[in-house]
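Visitor: There's a structure below that I have some questions on.
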Amino acid sequence: MGALIVLTGPSGVGKGTLLRSLIQRHSELYLSISVTTRSPRPGEVDGKNYYFVSRSAFERMVANGELLEWAEFAGNLYGTPRQAVEEHIRDGRRIILEIELQGARQIRKNFPDALQIFILPPSLLELEYRIRSRAQDSEEAITRRLQRARTEIAAADEFDICIVNDDFAKALDRIETTLFAAAAC
Ligand SMILES: Nc1nc2c(ncn2[C@@H]2O[C@H](COP(=O)(O)OP(=O)(O)O)[C@@H](O)[C@H]2O)c(=O)[nH]1
Ligand SMILES: Nc1ncnc2c1ncn2[C@@H]1O[C@H](COP(=O)(O)OP(=O)(O)O)[C@@H](O)[C@H]1O
């Protein structure tokens, strides 16, 4: 049972909302804070939701080997800072990476023991409804996310476990069961 947990799924499927609830219930779980070149959305806080950096600062981090994995998604760069993850693993704590497909593949290659979970929407129509009702992305960003969603969903069977986020409470329950039942083995 790896200390590293990867959670992937198309934009708007509910990953962030599920993880916020999970962390509230299990304060022993740590959520990795990614670095991104995306602009903050209203209400997002630097150092809490993401570390918001310029493209040149991001590229420096890549060159210095500071990122465990990174990828371009819908025109922006996203990456996982290496240090926090390594410290948590060394201290025996479980850490969750909420990352897209290309990053999940890099982690799978380098950390084959990581537990990989994929979150699916009930349908593409419902996914589009959720992205739109979140009302935080431009029309262009929504289109790019929906295009990418098809590729990501097609890769779901690469993951250890797939969970459909239809009924929120049930999906959260399945994540908890997956994390804590597996840990007990
Ligand atoms: N590879 C990688 N993907 C990330 C990282 N952080 C976030 N992402 C993914 O980037 C995508 C876009 O994230 P974001 O702009 O916050 O949009 P949202 O998922 O629609 O809320 C999502 O699939 C995230 O899971 C990271 O550190 N590495
Ligand atoms: N099970 C669900 N049923 C209906 N709406 C949901 C469900 N889970 C999440 N949402 C809503 O969908 C939208 C996108 O969720 P979010 O957590 O931002 O997705 P992601 O982090 O995967 O991009 C939010 O408005 C959220 O409240």
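Any Cβ shown, glycine's included, is placed from N, Cα and C.
Where the annotation comes from TrEMBL, it is an automatic prediction and has not been curated.
The domain 'Guanylate kinase-like' annotation in TrEMBL covers 2-180. Residues or ranges marked as ATP binding site in TrEMBL: Gly9, Pro10, Ser11, Gly12, Val13, Gly14, Lys15, Gly16.
Surface or core, plus neighbours and distances: that's what I need for these features.
Guide: Look at Val13 (ATP binding site): DSSP puts it in coil. Neighbour density for Val13 (ATP binding site): within 10 A of its CB lie 26 other CB atoms from the protein chains shown.
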Visitor: Those binding-site residues, Gly9, Ser11, Val13, Gly14: which ones have a Cβ sitting under 6 Å from ligand 1?
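Guide: The qualifying binding-site residues are Ser11.
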Visitor: From the centroid of the CB atoms of Gly9, Pro10, Ser11, Gly12, Val13, Gly14, Lys15, Gly16, the recorded ATP site, which same-chain residues not already listed sit within 8 A by their CB, in sequence order?
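Guide: Close Cβ neighbours, site residues excluded: Ile119, Pro121, Leu127, Arg130, Asn165.
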Visitor: Return the residues near Gly12 (ATP binding site) by Cβ distance under 8 Å, restricted to its own chain and a separation of at least 6 in sequence.
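Guide: Once residues fewer than 6 apart are set aside, Gly12 (ATP binding site) is near Pro121, Leu127, Glu128, Arg130, Ile131, Arg134, Arg145, Ala149.
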